[in-house]
């Protein structure tokens, strides 16, 4: 009997041995290389990889950009402030708006009732005038600016009660009032130059003193709206007299300050011119007050 034959006499089939299954921790027998992607060594290597080059540069570059931007902004602010102060004295303007409620109330009373006031001298502290809120005699810009705006509003109200209101007319009223104010200040500056007056009056001081007349103009116009022309003329006459006295007593200390400092009486031709100039500036105020308000009351 053929040893290769099977039990039935037929040829024996080759036996198929099964290979034992590979353990879970071992590689497959058909795999050429070990898979280390999921091993602990692979994970540690991935975690220890150096960061990208940009991460090293991100923080220093951002810090440098912030520092450079801050320096550039501060330099630009200094340049802007220096150029603005060259044309617009912002620092000086802060002085003229250093007011409070008490000062405003007392100043308005002084503008309307200046007859009982005795001390008109501006106080100084270390050769610098004190802020207006500490001295009622110091000029300010808060009252003139607010009075000018209020005058425009009152003018619009007066025109509205007469059915004559329109934006164009109100704009013309505002522009004409501003133009007259500028012309007045320029005329005073020219007069001071021609008379050769050495005074500490500045252009802003002249704007402030010339703007105080709008307070009386407001009071006169409102009186005209409430009581008619009779009330307008009576109240405006009082306000004109008040502003005349106020300007005389205030400006004589400024324009005649040189002669007063030298102890010279107002007798010479030069001092007489200064006195006439002071009276002319004071007399201009009632004229402008009437010219800018008479057409608002009917």
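Here the Cβ of each residue, glycine as well, is placed from N, Cα and C on the backbone.
Copied over from TrEMBL:
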REGION    1-33  region 'Disordered'
COMPBIAS  1-11  compositional bias 'Gly residues'
TRANSMEM  141-160  transmembrane segment
TRANSMEM  172-194  transmembrane segment
TRANSMEM  206-226  transmembrane segment
TRANSMEM  232-252  transmembrane segment
TRANSMEM  273-292  transmembrane segment
Chain residues outside the transmembrane segment (172-194) and at least six past its termini with a C-beta under 8 angstroms from it:
148, 151-152, 155-156, 159, 201, 203, 206-207, 210-211, 255, 277, 280-281, 284, 288, 291-292
Per the Cβ filter (under 8 Å) with a sequence gap of at least 6 from its ends, the transmembrane segment (273-292) is approached by 151, 176-177, 180, 184, 188, 191-192, 195, 197, 210, 213, 216-217, 220, 236, 239-241, 243-244, 247-248, 251-252, 255-256, 259, 266
Long-range Cβ contacts under 8 Å made by the transmembrane segment (141-160), restricted to residues 6 or more beyond its ends, are 93, 96-97, 99, 104, 107-108, 111, 132, 166, 169-170, 173-174, 177-178, 181, 204, 207-208, 210-212, 214-215, 217-218, 221-222, 224-225, 292, 296-297
